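The following features are taken from Swiss-Prot:
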ACT_SITE  S183  active site, nucleophile
BINDING   A69, G70, F71, D72, K73, T93, N147, N180, K221, T249, G271, G300, Y321, T322  FMN binding site
BINDING   K73, N118, R119, L120, G121, F122, N180, N185, N250, T251  substrate binding site
Amino acid sequence: MTSLYALIRPLLFRLDAERAHDLTAKALRVTSRAPLLPRLIRALYAWEDPLLAVDWSGLHFANPVGVAAGFDKRADLVDGLALLGFGHIEVGTVTPRPQPGNPRPRLFRLPEDTALINRLGFNSPGMVAVARALRARRSRDVIVGVNIGKNRDTPLERAVEDYVATFVALAPIADYVAVNISSPNTPGLRRLHERAALETLLHELTRLNRALPHPRPIALKVSPDETPDQLEAVVRAGCDAGIAAFIATNTTLARDDLHSRLAIETGGLSGRPLTQRARQVIGAIYRLTHGAPPVIGVGGIATAEDAYQHIRAGARLIQIYTGMVYAGPAIARDIKQGLARRLRRDGFTSLEEAVGVMVAA
């Protein structure tokens with residue numbers, strides 16, 4: 001049966017990609033606040049199965065399917081996204097001070113490749129506005145992470161100050177914090193992958209975290225464009241600092257085998273072209289860490305099979321952004337149902353039993 005989104009999508013795709021996103025965000029906000037609608041939306045989308053539950057660093061996830069950072073930069077869509085059945089929502093990237101990001105147009109669909117290119121550039125309302133939005137949210141049964149970054153005009157040698165400021169402001173009201181050093185759209189940011197800079201940043205954040213009354217899990221979001229040696233150095237630095245997870249991966253600068261005329265646009269590529277590379281990075285990290293700390297897999301997930309193969313490669317949790325643009329609001333439900341079928345088919349009694357089996361084999 002044709003879904004409602006399949007009928008609406010051609011209309012949305014006639015709009016500029018960011019304009020369509022803004023309309024979607026508005027619809028989510030309205031839906032979450034309207035009388036009776038939240039109950040109806042939950043009935044349609046909030047399917048759960050105990051087989052899919054995941055525990056990580058003291059947090060209990062009803063299911064492994066989350067929303068990747070970038071979809072909700074203002075932290076004002078949490079209530080709406082929670083209605084769609086996601087197990088966690090990562091808001092941001094959040095910078096200390098408000099900044100507009102790069103000039104529009106800065107978000108592009110590549111339908112021939114089931115992909116997006118973005119050069120948003122950390123457009124953010126700033127940490128004060130995000131803190132206000134997080135305190136105002138109604139949904140308390142969904143895990144909320146905060147992805148943090150630096151302001152564009154902050155010199156790289158002072159980047160630690162930006163991460164510290166945002167961490168101090170937001171960690172106490174988030175369930176976990178993700179450190180974004182891998183966006184390709186902030187000049188020089190990926191230089192923080194260099195071991196000395198990364199060690200300084202992570203050790204300062206973990207020091208501050210230990211001083212909190214209730215320390216939060218810290219995850220490190222990594223680039224898909226590192227060489228094997230560079231990736232290993234990043235993983236070693238993260239492990240030495242005691243981070244709680246790696247998020248693999250961010251968007252890529254690679255442009256391999258694309259068919260869309262918009263492939264020439266600058267920015268980070270996400271979606272189907274990233275699927276295999278993200279899975280390779282997930283597997284590489286899992287081999288290095290043996291799953292401790294775990295991997296949160298993101299990149300090119302649009303179906304239950306995509307999610308299952310990321311999990312088999314080593315991901316304990318997964319995140320979606322581009323897949324939702326193409327598949328619509330039922331994507332979390334559809335992936336969860338497909339995952340449960342695959343886990344039972346293959347004889348697993350929990351999702352966590354399937355994590356990394358492809359690597360272990």
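Just so you know, glycine gets a Cβ as well, placed from its N, Cα and C.
The shown structure was predicted, so the numbers you read here are calculated from the model rather than taken from an experiment.
When every Cα pair among A69, G70, F71, D72, K73, T93, N147, N180, K221, T249, G271, G300, Y321, T322 is compared, the largest distance found for this FMN site is 20 Å. Put simply, the two farthest-apart Cα atoms among K73, N118, R119, L120, G121, F122, N180, N185, N250, T251, the recorded binders of substrate, are 16 Å from each other.
For the substrate site, the Cβ centre of K73, N118, R119, L120, G121, F122, N180, N185, N250, T251 serves as reference, and the other residues of the chain with Cβ at most 8 Å from it are G70, T93, G101, S183, P184, T186, G267, G268. Here the candidates are the binding-site residues N147, K221, G271, Y321, and by Cα distance the one nearest G121 (substrate binding site) turns out to be N147. Separation of the C-alpha atoms of A69 (FMN binding site) and N250 (substrate binding site): 9 Å, rounded to the nearest whole number. Among the recorded positions R119, N180, S183, N250, the residue whose Cα lies closest in space to that of N147 (FMN binding site) is N180. Rounded to a whole number, the C-alpha distance linking R119 (substrate binding site) with Y321 (FMN binding site) is 15 angstrom. Annotation for Y321 (FMN binding site): spatial neighbours V67, A68, G70, F71, L116, S270, V298, criterion Cβ-Cβ under 8 Å with sequence separation of six or more.
Under DSSP, N250 (substrate binding site) is assigned to coil, being neither helix nor strand in the three-state scheme. If you measure from the Cα atom of N180 (substrate binding site) to that of K221 (FMN binding site), you get 5 Å. Under 8 Å, Cβ to Cβ, and six or more positions away along its own chain, K73 (FMN binding site) finds V91, G92, T93, V94, N123, S124, P125. In the three-state DSSP scheme, K221 (FMN binding site) falls into the strand class.
Other Cβ atoms within 10 Å of the Cβ of G271 (FMN binding site) number 23 in total over all chains.
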